[in-house]
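Chemist: This structure is in structure tokens; I'll ask about it shortly.
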């Protein structure tokens, strides 16, 4: 296969991977963790994925510890856990 054909194939595979929605089975396991504000006392507006409602919800993060189900924006939460 020529290098142009390989580049086209790589481009198509990349496009397919970007456009394929995340199914429940492909969602990272940390998306199922509950919101955890952590032990510190900061007041940081964050978002977590709520697996029951299947929505990204706002919560206040204390600034340390917590868990991986913690995103700086609703969009980042959606991209990671909802595939949108």
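Residue numbering: from 1, along the chain as shown.
Each Cβ is built from the backbone N, Cα and C atoms, and glycine gets one as well.
Pasting the relevant annotations from Swiss-Prot:
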type	residues	note
DISULFID	31-81	disulfide bond
DISULFID	40-64	disulfide bond
DISULFID	56-77	disulfide bond
DOMAIN	31-81	domain 'BPTI/Kunitz inhibitor'
SIGNAL	1-24	signal peptide
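Can you tell me where each of these features sits in this structure?
Modeler: Its Cβ placed at the centre, residue 31 (disulfide bond) has 19 other Cβ atoms within 10 Å.
Mapped onto three states, the DSSP output places residue 64 (disulfide bond) in coil.
Residue 77 (disulfide bond) falls within a helical segment according to DSSP.
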Chemist: State the mean pLDDT for the domain 'BPTI/Kunitz inhibitor' (31-81).
Modeler: 97
Chemist: Do any of 40, 64, 77 (disulfide-bonded residues) have a CA within 10 A of residue 31 (disulfide bond), and if so which?
Modeler: 77
Chemist: Name the secondary structure element type, per DSSP in three states, that contains residue 40 (disulfide bond).
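Modeler: The residue in question, residue 40 (disulfide bond), is coil (DSSP, three-state).
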Chemist: Around the C-beta of residue 81 (disulfide bond), how many further C-beta atoms are within 10 angstroms, looking at every protein chain?
Modeler: 24
Chemist: Round to a whole number and give the Cα-to-Cα distance in Å for the pair residue 64 (disulfide bond) and residue 81 (disulfide bond).
Modeler: 22
